[in-house]
Amino acid sequence: MPEQLPASTSTSKAPAKNDTTDVDIEKLLSREASAFQREVEVERILKAFKLNPYDVIDVDETATPEEVKKKYKQTSLFIHPDKCPHERAPEAFDLLKKAELELSDKAKREELDAVINQARNLILKSLDLPVTTPPSDPKLQGLSPSFKVMLRAKSKELLIEEELRRRKAIKLNLANEGLEARKKEEEVASKKRKAEEEQAWEANRDQRIDSWRSFSNNSSKKKKKQKIAILG
């Protein structure tokens, strides 16, 4: 009788078990990598220059409103506090939202772009290039540091100066408002004192009249006594 081969069921299950284990490991590694990438992105946002929304969202200054919204949506979903284990994920999420709101505001973006354009002109002049030089110009390629890095650095410098001027103006404004408030308080206090003095004067009116009558009567009696004394 020929020797029977071992049952195939026992030999086929082992590879399947190994395959399942490999898949589980792959999923675990993928989750860990994703969690790590989320934390890295949170750290990037926290370290970004807060006065430059382009830097926070990580888009180019020439990005269209649609491109800005798309990048914001992708990043906000990626670092959402419900998905990201980083303890400062809520803070990064708020910073990202603030940056998107600033770039969505036409007036604010135009103001920001004006400062960045000023920085661009200053860099081009320092390179002895006309301010109309486009970013694609060969003379701007191969620079060290790159033109983009120089632009971000100069923009940061100008934005800090602008912020300091703004804070100084606010401080001066508050000081002027404080001075005006003190003046108003002094005026109110002065009017109050005057009103109180007038009330006190009116309240003592009857007393003053009585005192005057008493004084007048006494004076009349003295005069009569003097006349009698002279006649005697």
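Positions of Cβ are set from backbone N, Cα and C atoms, glycine also.
Because TrEMBL annotations are produced automatically, they should be read as predictions rather than curated entries.
Per TrEMBL, the features are:
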- 1-13: compositional bias 'Polar residues' (COMPBIAS)
- 1-21: region 'Disordered' (REGION)
- 52-116: domain 'J' (DOMAIN)
- 181-211: compositional bias 'Basic and acidic residues' (COMPBIAS)
- 181-232: region 'Disordered' (REGION)
- 220-232: compositional bias 'Basic residues' (COMPBIAS)
Requested in this report: Quick one: average pLDDT across the domain 'J' (52-116), no decimals.
Outcome: 95
Report task. List the helix, strand and coil residue totals of the domain 'J' (52-116) as derived from DSSP. Result -> 46 helix, 0 strand, 19 coil
